[in-house]
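Below you'll find the structure, written out as structure tokens, and then a few comments.
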Amino acid sequence: MPKAEGSDAPATATSRSTEPKSKKTLRNTAYDSGKTSTGLWWTLFGLILIATAATRFYRLDQPDHICWDETHFGKFGGYYINRTFFFDVHPPLGKMLIGLFGYLDGYNATFAFEKPGDKYEDYPYMGMRAGCAIMGALLVPLSFLTVWEMTFSLPAATFAGVLILLDHGMLTLNRYILLDPPLLFFISASVYATVKFHNQRHRAFSAPWWFWLSATGAMLVGSVAVKFVGVFVVFLVGFRAIADLWEILGDLSRPVSYTVKHFMARALCLIALPIVLYMGIFYIHLRVLYLSGPGDGYFSSAFQTHLEGNFLHNASTPREVAYGSLLTLKNSITGGGYLHSHMHLYPAGVGAKQQQVTTYSHKDGNNRWFIKKFNKPTPLWNSTDPIELVRNGDLIRLEHRPTRRNLHSHKEPAPVSRKHYQVTGYGENGTGDANDVWRLVIEGGAENEPLETMRHKFKLVHYLQNCVLSTTKKTLPKWGYEQQEVTCNPNLRDAAAVWNVEDNRFPRLPNVSFSAYKLNFFQRFFEAHAVMFSGNAGLKPKDGELTSRPWMWPINLRGQFFSAGEGVKIYLLGNPIIWWSNLAFMAFYLTLFVVKSIRDRRGIISSPHQKALQERALSACGWLYIGWLLHYVPFWGMGRILYFHHYFPALLFSSMMSGVVIDYLVESIPPLLPSGIRNSAYHLLVGVIISSLIYSFYLFAPLTYGMSNGPSTEANSTMYGLRWLETWEF
């Protein structure tokens with residue numbers, strides 16, 4: 001590999017002569033001051049592209065069954081094809097792209113995607129896998145080009161590309177129907193676009209300058225619109241923009257208005273344009289998914305009126321609630337479920353062994369309750385007695401229609417929230433006791449105001465215990481079918497204790513159309529985000545589910561099975577040579593930064609060659625290190641469930657940083673040796689590094705392409721002797 005640097009992707013000698021002096025200086029800091037030819041640049045870049053295609057698409061059809069979260073995102077992609085509304089905790093762009101890949105391949109969204117291990121059989125799944133694999137494959141050339149634009153060093157760019165190319169974890173994660181390939185692509189493209197834009201700073205307001213600034217904004221939208229963690233790269237680009245503006249402000253040859261002009265351009269392309277594009281993505285999402293589906297129950301009753309096939313769409317119901325009405329009660333907190341009960345009791349040791357009451361986010365016959373006066377039986381629908389409306393302040397009972405048991409509470413601790421009281425279903429055939437009585441209190445309602453469907457929000461205050469019916473949104477164990485806990489909270493101001501009537505059935509009252517409750521686009525947009533944020537924060541591990549913590553990720557402590565069934569086994573694990581070297585090179589960068597700062601403070605002058613190498617390495621590594629911190633450190637403060645794959649955006653930055661540090665080392669070490677062996681030492685170092693990476697990739701390749709012949713402890717196993725850590729499960 002040549003030690004010299006070339007031109008910009010690469011430029012000709014003529015174009016080089018017109019470049020600013022600072023850019024020329026940066027380009028001419030290579031070890032032997034030679035020039036990289038255009039042919040050599042394209043040869044290395046072409047070889048990386050060929051190797052990328054070969055590694056990313058080899059045995060892409062294996063395993064031919066659902067692997068890990070393909071069961072979710074393949075299903076979600078299919079929902080876009082058949083226009084079915086669903087709920088997911090992530091924004092829609094990644095699933096929209098997966099649906100597009102499947103549609104272009106002729107997939108008709110009829111495969112169930114029920115569980116990992118199910119065979120795809122004759123269903124066309126390769127379009128979705130290939131689309132994700134293409135986006136994942138682009139990380140390699142984008143990393144190469146990003147480091148090239150940051151350093152103009154062909155060795156540094158090549159090392160960075162090779163580190164991404166030969167990492168098994170990055171390869172495995174980007175070969176399946178997952179959100180990670182589009183997320184990583186947009187993050188990588190955002191960084192590349194902002195670096196390209198930065199390098200246009202001497203051609204401010206030119207067409208290329210505007211193009212790369214706009215491209216940066218568009219790629220940032222892609223990052224956030226796939227997963228909310230994409231916002232971390234927005235912070236990185238924001239810091240880069242602030243640094244540029246600060247530098248422009250310090251140019252005393254320009255008026256302050258010139259800085260304002262730059263600020264307005266960035267505000268237009270990095271704030272206004274992304275907002276418009278992001279809202280446009282959601283507009284398409286909400287227009288495409290217009291049919292009722294499994295996600296309806298996570299959203300408000302008013303939101304559901306837009307979904308064709310939902311019983312609230314173009315339907316009608318009585319405006320007022322009368323005694324004897326058959327109701328569905330929905331919790332009004334963001335993402336709240338329906339008040340639910342079923343023919344199962346709380347287990348022994350969990351309060352009274354009475355019927356379970358929960359909230360459930362799906363529409364179900366077990367969500368229906370008769371409302372009746374506290375001291376009278378349920379009136380018949382064909383009765384000729386006068387209709388009595390339910391009013392603010394009334395004492396009521398709620399009778400579960402399928403089981404004929406009343407909503408009940410008593411001074412037993414709730415199953416999970418022990419400071420709350422247990423809520424149960426109690427009694428026989430609608431007959432219970434005084435602990436079934438609740439006072440209905442309409443939020444902001446006037447005295448004796450009739451309760452109205454959907455419009456009114458209300459609380460149910462227990463008459464004897466003076467607690468309020470609430471949901472904690474905590475998931476019950478398996479005995480509660482992982483539904484959410486319902487309690488009676490002594491804190492009457494509990495925000496999660498607010499309910500509304502969604503479905504109201506009473507044939508003796510006139511109906512009104514639900515179209516009166518429909519929301520506009522902005523209301524649906526903001527509600528969708530509130531539900532997603534709530535769902536994301538509430539993600540907790542299920543019983544027996546294996547998760548990981550952020551401290552485990554950089555040291556590659558434990559991987560994750562993608563396919564552990566019969567036949568081919570896939571295990572997500574990083575190339576240990578690359579991952580552990582990344583940590584060492586990161587430590588070296590920090591040491592170099594401290595040492596150089598001390599030397600500069602003490603006035604110690606390095607040789608021009610060494611100074612240029614250090615400035616190039618420290619400048620590039622500084623921004624890449626910030627990128628690593630932004631994509632890693634925030635996970636330490638997250639309370640939601642975390643997995644190993646959450647580290648891979650940070651890995652992009654640490655691997656690119658390692659490429660820059662390796663280049664610095666191989667440029668710095670040979671000059672310390674006798675002149676007769678400098679060139680040989682340089683090429684020997686490069687050869688040892690590249691061959692070590694290739695050999696480590698060869699050793700651990702079965703993790704990605706499929707392990708066979710039993711566990712790694714057996715001599716005939718493809719992974720025999722490679723379980724270097726006891727925590728690796730393969």
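Keep in mind that glycine also has a Cβ here, set from the backbone N, Cα and C atoms.
TrEMBL annotations: computationally assigned, not manually curated.
Per TrEMBL, the features are as follows:
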type: REGION; residues: 1-33; note: region 'Disordered'
type: TRANSMEM; residues: 39-58; note: transmembrane segment
type: TRANSMEM; residues: 150-166; note: transmembrane segment
type: TRANSMEM; residues: 178-197; note: transmembrane segment
type: TRANSMEM; residues: 209-242; note: transmembrane segment
type: TRANSMEM; residues: 263-284; note: transmembrane segment
type: DOMAIN; residues: 318-374; note: domain 'MIR'
type: DOMAIN; residues: 387-443; note: domain 'MIR'
type: DOMAIN; residues: 448-504; note: domain 'MIR'
type: TRANSMEM; residues: 577-595; note: transmembrane segment
type: TRANSMEM; residues: 616-635; note: transmembrane segment
type: TRANSMEM; residues: 647-669; note: transmembrane segment
type: TRANSMEM; residues: 681-701; note: transmembrane segment
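Sequence-distant contacts of the transmembrane segment (616-635), counting only residues of its own chain at least 6 positions beyond either end whose CB sits under 8 Å from a CB of the stretch, comprise 26, 29, 147, 150-151, 153, 156, 187, 191, 229, 232-233, 235-236, 239-240, 550, 553-554, 586, 589-590, 592-593, 596, 642, 646-647, 649-650, 652-654, 656-657, 660-661, 663-664. Each residue in the domain 'MIR' (448-504) gets a DSSP state, and the totals come to 6 helix, 27 strand, 24 coil. Each residue in the domain 'MIR' (318-374) has a pLDDT score, and their mean in this model is 92. Here the domain 'MIR' (387-443) has, by DSSP, the following mix of helix, strand and coil residues: 3 helix, 29 strand, 25 coil. Secondary structure by DSSP for the domain 'MIR' (318-374): 3 helix, 29 strand, 25 coil. With a threshold of 8 Å between CB atoms, the same-chain residues lying at least 6 positions outside the transmembrane segment (577-595) that come near it are 163, 166-167, 169, 554-556, 614, 617-618, 621-622, 625, 628, 651, 654-655, 657-658, 661-662, 664-665, 692-693, 696.
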